[in-house]
Structure formats: structure tokens, C-alpha cells
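**Student:** Below: one structure in C-alpha cells.
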């Protein structure tokens, strides 16, 4: 398009042209320049081939779009009616606007030049595995067509058709026109164009016809003659008839395809009458049957019952997956047995204890509408998970659903070190080795999907795929079907699926991105595959990032480049980076992040199997904490040793030094090989294993594996047909408000995308806008600016699985300033619900967005059903039994759990709790690591939009905080100075990675193994406390001061280890209509009290003080009710879950409900004693007691054996202590003596 071959950039790109610099980075550069008239030009983010001219004037950035016209001339986009000025090159255009009065907001005065990076910095020769980048392998023809190396190759150009058509229209068309003028009746040049453009089609049709020839002879003799004749003709056809023959062949093919199935069916029916049934072909047989598995358990009894029956009883639970039965067998005296059999449909629910990781409640249906719950203690948490998995498998197998609700996925990543793999890599696919592994009972159950990512893989594609299939066949007896293989040099990703699911996979896409030297070599980079599984979209990215201990910034940049350039998923979603295009995105590979610690210290910690101190200095964890990479991704907890850099041939020694030409190079042992994921809110995902093998020794990396249980949706078919207008569902917005990080002052609109909409929709421009800070802008849309959306189908069962993607775009350049995703599930109802979530763009957080919306579903479309993954729930409080209440939770409406630190109780309010309490279910959960209790440094995530320190540096808008009732925002000069002084989280306090999967308004499984910290942001039934499967919240929000009510509770219940939780933006509950309705923006500050203690508050002037107050209030108002991270102060603060009281005051007005809700939420045993008792129930008090005695090492053993509270412990014997792992006689004496003393003191308290 650049007229006459002249480059639009002129002979050499000018220094003020910044290529594909992001909008946010451009604003940063201009802010740094700081002078009016500073300018730069970058590529437009909204139109390919266009540019954006960015100019600074009065501290605001103004953006002008420069568009090419049909002839390749460039012009600044003008308002209607103004004649644009056209230029051949960018420098010519810029030189005009360097002169005054040319229509821009100011004359262009000071060019801001790009920062050139030295090429030498990019050299990445893979830490000594290769002295120079390897050449791409000459692979044999791949089993699936390779995708383009870069996303810029468009599909039409690839098949050559558009270029052929252009050539005809530019040239030969005139010759045909001339011939027609002279009376010709044919268009020879057009014919020639069509013949050449159909060349490949001709060949393909011949192939198809040849393939069908035998079938037609067997089943359809009539068409067989014509098919054979056409095949003959195609061998010796002439030029003129070529097109005619193609049309005839297509007609024959159409007839054949439309009739062959009917004719074949008739023929087979005739045959079946005359011959007996033969066994099904091998490929149709199922995998080997799962044997009956038996679990030894103890019945868990409540305190009141314990006196009647003495020691706990032993049971055996036998699971018969194939027969659909569970046998519960009790051992009675004299070796007699008493057993009861329950069929799969009589098992109503499984309820996992969160405090005791090996305890499970099973709800059985006894008679009609009556159920009984029994709680069992398993030998270990792993056994409990295996039991749940087998029962889920049994439910699935005997379900009357045609389509699955849930699938299991294996993901593996391995840097093969440029040598072929050993004969057997069974331990990799069976998840055997170190870390969080599967139980032996479930390890051989085949997964539905297998995804293998490899780096430095020298095997050709076809051979690699065949070896993977053979390995899976050997382990599972199933013929897995290849979905895709994508390769970039020696980086490969291969996806295989169970044969029964092959037809459920559609829309397969593949892509790759090079990030090697100068982003042109493929020795580093990424490959990706995406597809739909029925109605759920999946993306998988395998990458190999820059190596070298010190190359952190380069790795971060690699990640951002891949995020932006990998061309996967729905093309309509080009405004969104790939982290928002899929229901579930998995990112695996050799990420090459290292450990920042002295080599000798690292080796000492590894020898002692102490990984926590190492994870605190893991570069990936540190960069994620700063929100530099993998924003809101999750990673399962790492409990295996670093997977790099081993001596080849063994796993006993790390080789950390290598002699190179440039000198000795150190490669410290590191967790280079990782698997992370990011899922939409309110979807189901659980990571069941994450570890590495310890017996595959050909490479200097160990293979890493992870398995996931993922909820999927089916292609929904309405049983009632398309909705009539009276039965139409509507998505209505009352208002939306966004705070965007930008120095621009343009107007904005919102685009809405969803698979439930026929096409994307736009709002009108915002009708309110304000800012007191040059770097932030608050924009609002009232109801009249927002469009009502009409989903394609109106059934609640369909709508509760749908999501809405929003992008906030500017009117001046149509570029996105932030994107987000909302789950419709929490928004369904007759009254408007609040939502609140973060905005991100190009992998960085750029602001946040809140609003009020509802999804109206007509009553005749309200029927829904339970999903398989909703059948397992999480119990926050296992102590409520004696009162006779059933803890079974109905799973119809949006229930919620009020949690009290770690003690909480499932709400039993039935289908839907009162609207006042449930209106603000902001179900947007985000995935991030869980943090150890931080020590006080407010600098964590300086670049985070939600961090007050960020605002203090920048100067803060006085009125851009979200307005909430000031009662919810206790002032920093709070009644209790102890908390007001609690230090803020530190940058150094590394998170122990953890996860949560998207918020559900339904019971769901927790993570297995270690107690997983999880937060639901909608306060939904089982998910408010730690340990469920919700997607992770941000790591960088400072804790708001505790309300007074919370502090009073601290004296009553002490807790052992800090269990910091990160709630999401969405923990707020705002009633739709309540006396304390949200105030006008800014009112909270006028009423909110003066500045309080905080980082550097003494040194700030009045304005800055209000800035600090504002920043604090902003963070609190965005996330009131968040249980903040407990600081590592001495007790009582040390162990106190700082969420007490805050969670209880999630409903407005917050002050009054606190006493009642605390009493209501305490487990019964706690209420039996005096409220001032220093012994509280549960794991926390056992932990606190052991800690006081200096014997905390025994906590895990006691809990695993069911000794989970102090009252219960008073009956413990020496034998019980030995079973729990207390073998030292002196320690046994100390524990028993301490318990005797506690008992004597109890009545006096």
C-alpha cells in the first residue's frame, strides 16, 4: 500500500518512530519528557498498517490516528468535513506538524527518541547446552499441517487466491473487456485465472473421489460407474474442459456423499439379518476395567457421641466403579462384618473437610427425601482424593448425560537436552516421582486429554507423535487421537485426546512466536494450540524463554511478546490478549527463571528438602508478585526439588558450573520448568498433581507433570426452541464506572463480546469523566449510554456457563485501554448485582471497573441441573454434628458462606439467601500465589494500580476512589493502636504459590494435598474460606485496618500459623437498596476521617496526607472484607486471621451484625465453653498448643489421625500418640502432662 514502492517511513526509520511500542509505554515516555509539544509515533494498536501520533500538552497525552488511504498516502484522521492533508511518508507528515497552527492541540516541538537496545544483550546461547543456537531440525512431514510461524500471515494470502484475483483485476481483466467489445463470447483470461486458482481443489477432489471409489462400488453401484469414469477423465483432461470437469466432479461428489450413508445403512441392515453379531473392532473397545478399590477408614464421631462408643470404629469403603456401587463395611467384634451397599444414585454428596485434609463427609440417601451424613477419616489426604476421584468417575460412568461435565487433563513439560528420550517415560505420564503425585489407585486411570510440551527436542514431529501414542497405548490400552502438533525449531507441543472425544474437538488453531536473537531466531520462543471441547475453549502455550541468571527483564519481555503475538483462538477477540481468549489457558515450558541465592545455600536447603526459603527467592515468583508477568495466573504449590541443572545420567548431583570461552559460567539449581494456568471466573478447575520424575536421566532437566480436573460445557441445545419475544432473556446494565491508568483525556466507549451474543455490541461514549491526578482517569456510563444485550438462548442452564468480555476503548484511536471478563452466573436474578474486577492490557494491569447489572431470565426458562463437579463440596466447619442439623447444602441458588477466619459454617438458608446479603456477589476471582506472612515494607508491587504506595508516588486523585459507606472503611486511627501499626506487606515476603479456580456459586472440590488457600469472591456457598477451587486474587493489596469487633475476637480465639488470604476485588457486598447505599463519589473522603499512620505520612504536606488517606481508602473500598495478610508480629497478632470481623461485616450496615454473626459462625464446641476461653477449637488450637510446647512438628501427624481439637485430645493415649508419629518418650510425657494440666484448669476458666 505504500505507493510506488516508497517506504512510509522514508529511507530509514526516524528515531521518533517507536515501532510496536504499547500505548501505556508511550504515555510513560512522554510523561518522562514532561515538556508540552513532546511527541512520538508508534504503530496503531487498532488498525494494521496505521500509526498513532502521541503528543503531550498540559500533562495530558493526545493521540491522533494516521491512516493509509487506498493509494498508500498517509493522513491524520480528521473530523467530518475537514479535508485531510496527504503525505507519502511519515517524516513528511511530521515535518508539516512541526510548523505552528496545523490543527493539532499544539505544535510538535520535541521528538522523544526510541531507546535502542544493544544486540549483544540479546545473545542467548542456552546456558552452555549449545555454544550457538541450534539450526531448526529438518523434520519429516508433520502429522498435522504446521501453523504459520508468525500471526501476520493471513489466511487468504496463504492460499494464493486473493493475489490471483488481484492480478486478474489489475491486468488481464482489461484484455477480456477488449475481447468482449470485439464480439467474443468467452473470457479466456478469466477462465485461466479460475483454472489456476482451482488447481489445488482439483487435486483434492480427485483424492476424495479415489478414496470413495471402493465404498461406492460396495454400497452404491449406480454412482460407482460415474466415479470411476471421472477418475479416468481427470488423468487426460484438457485445459478448456478442466473447469467444466471440476464442476461435474463436485456434483457427483455431492450426490455420492448425500446418499452413501443411507445406502450403506440399508446394506448393513440386510447383512445383519443373515449373520450373527461380531465383536466390535479393537479401536472401539474401552480401556481396561478399573478394579474394585478398598479404603481403610475410621468413622469420625462427634464429642457427644464419643463417650457412648469409646474409640473410633474402623470401616472399609469399597468402590466398584464398573458396577456403580459403594460398599460400606463395619468390622464388628469376633471378626464379624456388617455391610451396607449404596448404588451411585444413592450417594447424594461428598463434603471435604477443609481443616482436616484426610476427612470426608458422605451424604447417603436413606429413604425418600431423607439423608444421613457419615464422616470418615482416611489414612492420608492423598487417599481421600483418590476415593473422591473414583466416586466421581463412577458417577460419570453411570450418568444419563450424553455429554461430559468434567474432563481430566494431563500436562507435561520437558527440556530434553537435544538427545532422544529413553525407551520408557512411563513415570512422566503416570505422574510418578517427587512432589504432589497421584495415589497409586488412580494413577492408571486414563486422562481425557494429554498435552506434551518439549524443548530442545531433536526428534521429528511424526516420530515424536507416534512414540507418544505408543506410550499411551501401552499404559491405557486406548488409541489416543492426535489433535495437533506445532513446532518451532526444537520447541514442540503435541495434543492427544481419548478416541471417544475426537468428535467433541473443533476449531483447532496453531501458532508460534520467535523470541530468539533480535526476535528472529526460533531457538527461543513459543508454540501454541487452541481448540474447543464442546462449548469450552482451551489454549495451551509451550515456551522456551531466554536463559541466564541475570536475564530477568529479557524473560519478562519474551513473555509479553508471546502474549501479544501468538495468534490463537477466536479471531473476533483480537482486542484481547490470549490470557482472556480462552475459558482455560495453560502455560508450560522451560521458563528459565532462576533462584537468586548463593549456590552453597541453595544446595544446603535442597539437601534438607526445605524448599520454602528457595521459593521466596525464585525469580518467577518475585516477578509475579510485582505483576510484571503472568498477571492473575495460578500455579500449584511446588513440593519437589529444582528440576535443573542435573548431571546427565543420574539425579543425585546438580552440575552448576560450566567452562565457556568467556569464562566460568554458573547455573544455580532452579525451577526452570513450570506449569501455570488462568481460567475464567466461576468455572471449575482443580490441580490434582504437580511434580517431577526422578528416574528419567537423559537430560539435565527432569520432566514435570501436572493433572487437572476441569469443568466443561456442552454445545447447548434448547429443548424449547428459540425464545419468543416474551421469553427473551436480557443482560441489562444500570451503570459502569472504570478507573483507567492514562494521561489521555479522550472519551471512551465499551465493547461487549460473548459467545452468547450474535455479534459484539458497543456502548455509547461515557457521560461522566473526572480526575484529580494526571495519570488516572475516572470514566462513567449511566444506564442510557449502555446497550441492553440479548443472548442467543434464554435458558438459565445455558446462561450460567456464559461469560462476557469487556474492552474499554478510546474514541480518538479506537485502542483498548483495558479488558476484563465477567461471569454471568452471579448476575442472574431479578435485581441488579454488583460486579468489580481489574482491567488489563497487553499483560499489564491498567485499572479497574465496577458496575451494576442483571441477567433477566424468563421464568419458563429457569430449569437447570446439577453438574458433576458440584457434587463434591467443601465444609468449613466439621463440628456442627451434635446439633442434628444437616450440613448438606442445596445447590440451586447462590448460597454463601460467612467465614470467621478459618472457622466458618456452611449457610443453611436453602436456595437463595436474602437479597440484602447476596446482592453484591462480585464473582471475579483471580489466580495468584498465596503469601507467607509478610513483614512490613509497603513497597510491594510499586507498579500495581491498587497499591496506595503507587498513588503516593504519583500524587492521587482526591475523588477517584470508589465510594462506599465510610462505616465499612475503619479509619486508620482505629480504636486499637496495635493493629493500626501493623506493618504493611513486604516485597520480600514471597508467596507460596497457590491457586484458586474461578468462583462458583456452587459447592466445589478443593485442591488436594496441602491445604490450599482459596478465596471466592462472591461469598458463595462452600468457597469463602481457604482451600477451595477458586481463581486467585491479586497479591498486592495492603491490609485495611481491622474493625474494633475483630480485635475483641482475637482474645477469644488464637490461631496457630498465619493463613494469609487474598480476596479479590470482589469481596464487597453492597445491598441493592439499603440505608447505607453507596455515596456519591468522593463523599467517603469528606466523611472518612483524617490521615492515619502509614508509610512516610509524617513527611507529607496536607495535600499528600489526604492523598495517603485517599489511597488507603481506595484500597479498602475496592476490597472491603478482604482478610488481609497476617503480619509476622508476635502473638496474639502473629497467628490471628486478620479477616475476622471483616468477613462478618460484608453486609451493610456493618457495625450491628458483627456480634450476632460471630456467635452464629462459631462452631458449636466453641460456644459450649466460656467465650473468653483461650483454647479455641480445631486445627488452630492444636497448632497453637504444640507451638507453645515447641513440638509443632507433630501437628500434621495428629491431624491426619483425626486428633483435630483439644477437647478431643484429652482422651488421647500413648498408643494413639505413637500412631500419630510421636515416638520420643520425653515428648509423649510433655504432651500428656500438658493435656492433664489443661483439663484441670478448664473449669476455673
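Every residue, even glycine, has its Cβ placed from backbone N, Cα and C.
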**Student:** With TrEMBL as the source, identify the stretch among 853-881, 1114-1142, 1143-1171 annotated region 'Disordered'.
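**Tutor:** The range carrying the region 'Disordered' annotation in TrEMBL is 1114-1142.
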**Student:** From the ranges 783-822, 903-942, pick the one that TrEMBL records as region 'Disordered'.
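**Tutor:** It is 903-942 that TrEMBL annotates as region 'Disordered'.
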**Student:** Which whole-number mean pLDDT does the model give the domain 'SH2' (16-112)?
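**Tutor:** Value for the domain 'SH2' (16-112), mean pLDDT as a whole number: 93.
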**Student:** Using DSSP, what is the helix/strand/coil residue split across the domain 'SH2' (16-112)?
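**Tutor:** So the domain 'SH2' (16-112) is made up of 19 helix, 29 strand, 49 coil.
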**Student:** Write out how many residues of the domain 'SAM' (1177-1241) are helix, how many strand and how many coil, based on DSSP.
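**Tutor:** Taking the domain 'SAM' (1177-1241) as a whole: 48 helix, 0 strand, 17 coil.
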